[in-house]
Amino acid sequence: MAERAGRRCCLGWDFSTQQVKVVAVDAELNVFYEDSVHFDRDLPEFGTQGGVHVHKDRLTVTSPVLMWVQALDLILEKMKASGFDFSQVLALSGAGQQHGSVYWKTGASLALSSLSPALLLHQQLQACFSVSDCPIWMDSSTTAQCHQLEAAVGGAQALSCLTGSRAYERFTGNQISKIFQKNPEAYSNSERISLVSSFAASLFLGRYSPIDYSDGSGMNLLQIQEKVWSQACLDACAPHLKEKLGSPVPSCSVVGAISSYYVQRYGFPPGCKVVAFTGDNPASLAGMRLEEGDVAVSLGTSDTLFLWLQKPMPALEGHIFCNPVDARQYMALLCFKNGSLMREKIRDESASCSWNKFSKALQSTEMGNNGNLGFYFDVMEITPEIIGCHRFNADNMEVSAFPGDVEIRALVEGQFMAKRIHAEGLGYRIMPKTKILATGGASHNKDILQVLADVFGAPVYVIDTTSSACVGSAYRAFHGLAGGTGVAFSEVVKSAPQPSLAATPNPGASQVYAALLPRYAELEQRILSKARGPLE
């Protein structure tokens, strides 16, 4: 993208699973430059597929740390070649794929702080890592370590109350624990352990960047209320871990000025600030500009809910993180596996493969579906753990089938009622000013969005989120520059492009769903108890 000279800006980076991406955002909050390096395509020598290596056991999934370093070299060289004016960059921040960890070898800090501008980063950091292939979020090889961690703190719910989530295989503490157990030498040779986000920030700083509260919440190690490492969790994972992690910081902290390497090699100004990097999900929350009481619903292959919470109630499902734009608040993530594929399956079966007919079915049926409720789980659901299709009539009797139109409304209403019930289970409450931001494939269907507005009793807006983690990182850089904790993020980003209104609740919707929601929750429990069978 062509760059206009002399445009003061902030950069937003995203070190994601498949690529490194950057955007430049000017003072009016317009994106005017973007670029990316795709790991498989642009760095084929690392032999990744989808940016990762899946190991023989099919459970272990890693990425080469030097691939990430080299990708940064490539993208900066591309920007330089395109004539990008680095001297106008006021600050930068970024995002990393969550949960992944990087292991810096003893002595690496010296190499980081004495980089020569004559050489590329990857030429100078070759010997800086004690683990060359980093565990990432797709890894599920740490079940034993998860059991050990939960047992050490008094069970899954106790761990969730402390850290915001029960033990998950991909969470960093369990991955560190596995490395300590399987490769104690690499662990003891690590002077610092970073998340992907704080690793990327360290490359820009020329010294170790602290982990931020929000991405730190995805480790099963941080006490989300007190914002300090939980000693009990650290002890359960590995010895001397506190020193290797460093102290966490608020997500909007300015962690320092950019390393002189970038000033000399690329022409960044010496005063360019680095704002703490965070996880890609928290950065997306910033990019979508969620505010208190808002919900973002990503309607994709799996459906994901992002919530802004004031008073979290950690549970055995979902994840609660410290909020990336307001350190006193929280955010939650809930994932539902049966998303668009389930909607497409019912479309094919009940609407002759036509979205048009699917929409007509939603238009021709009443809110509340005359009391008919359905649960549609083609694959084992995460929230809750149920599989199969279950249909109930207005008398709560299970039935084997619904007419096509009823089936379609039962599916869509059921999916959104489940989202509201599970969100409220984590402490979420709909407020008078609540907005729902819809993204992903199904957000183009106005009739699906109408049901979403009716079930939540709140207006639905659509927003373009193609680069939300990147753009959110640039917004966060502006926020850090403006003073971070002392300044409302919403003030800093108020001139950004507004989302567009797509649906408002129909009159009477709140009464209809006030009656249906408790019924849906009760039936869900009934199916769950039946699936689990009698207790041994």
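Placed from the backbone N, Cα and C atoms, the Cβ positions cover glycine too.
Going by Swiss-Prot, these are the annotated features:
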| type | residues | note |
| --- | --- | --- |
| BINDING | His99, Arg170, Asp280, Asn281 | substrate binding site |
| BINDING | Trp355, Gly441, Ala442, Asn445 | ATP binding site |
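Proximity of Gly441 (ATP binding site) to non-local residues of its own chain (separation of 6 or more, Cβ distance below 8 Å) is seen for Leu299, Gly300, Ser340, given in sequence order. Surrounding the centroid of the Cβ atoms of His99, Arg170, Asp280, Asn281, where the record places substrate, the chain contributes additional residues within 8 Å, namely Gln97, Gln98, Gly100, Trp137, Asp215, Gly218, Gly279.
Residues His99, Arg170, Asp280, Asn281 are the ones the record ties to substrate, and the longest Cα gap between any two of them is 15 Å. Closest to Asn445 (ATP binding site) by Cα-Cα distance, out of the binding-site residues His99, Arg170, Asn281, is Asn281. A gap of 20 Å separates the Cα atoms of Asn281 (substrate binding site) and Ala442 (ATP binding site). The most densely surrounded of the binding-site residues His99, Arg170, judged by C-beta neighbours within 10 angstroms, is His99. For Trp355 (ATP binding site), the same-chain residues 6+ apart in sequence whose C-beta sits under 8 angstroms from its C-beta are Arg347, Asn445. Excluding the listed site residues Trp355, Gly441, Ala442, Asn445, the same chain places Leu299, Ser340, Arg343, Ser443, His444, Ile448 with Cβ atoms within 8 Å of the centre of the ATP site Cβ atoms. Each of the binding-site residues Asp280, Asn281, Ala442, Asn445 was scored by the other Cβ atoms within 10 Å of its Cβ; the lowest score goes to Asn445. Rounded to a whole number, the C-alpha distance linking Arg170 (substrate binding site) with Ala442 (ATP binding site) is 28 angstrom.
Reported as a whole number, the C-alpha separation between Asp280 (substrate binding site) and Ala442 (ATP binding site) equals 22 Å. Here the CA atom of Ala442 (ATP binding site) lies 28 Å from the CA atom of His99 (substrate binding site). In this entry, Trp355, Gly441, Ala442, Asn445 make up the residues listed for ATP, with the farthest two CA atoms of the set 12 Å from each other.
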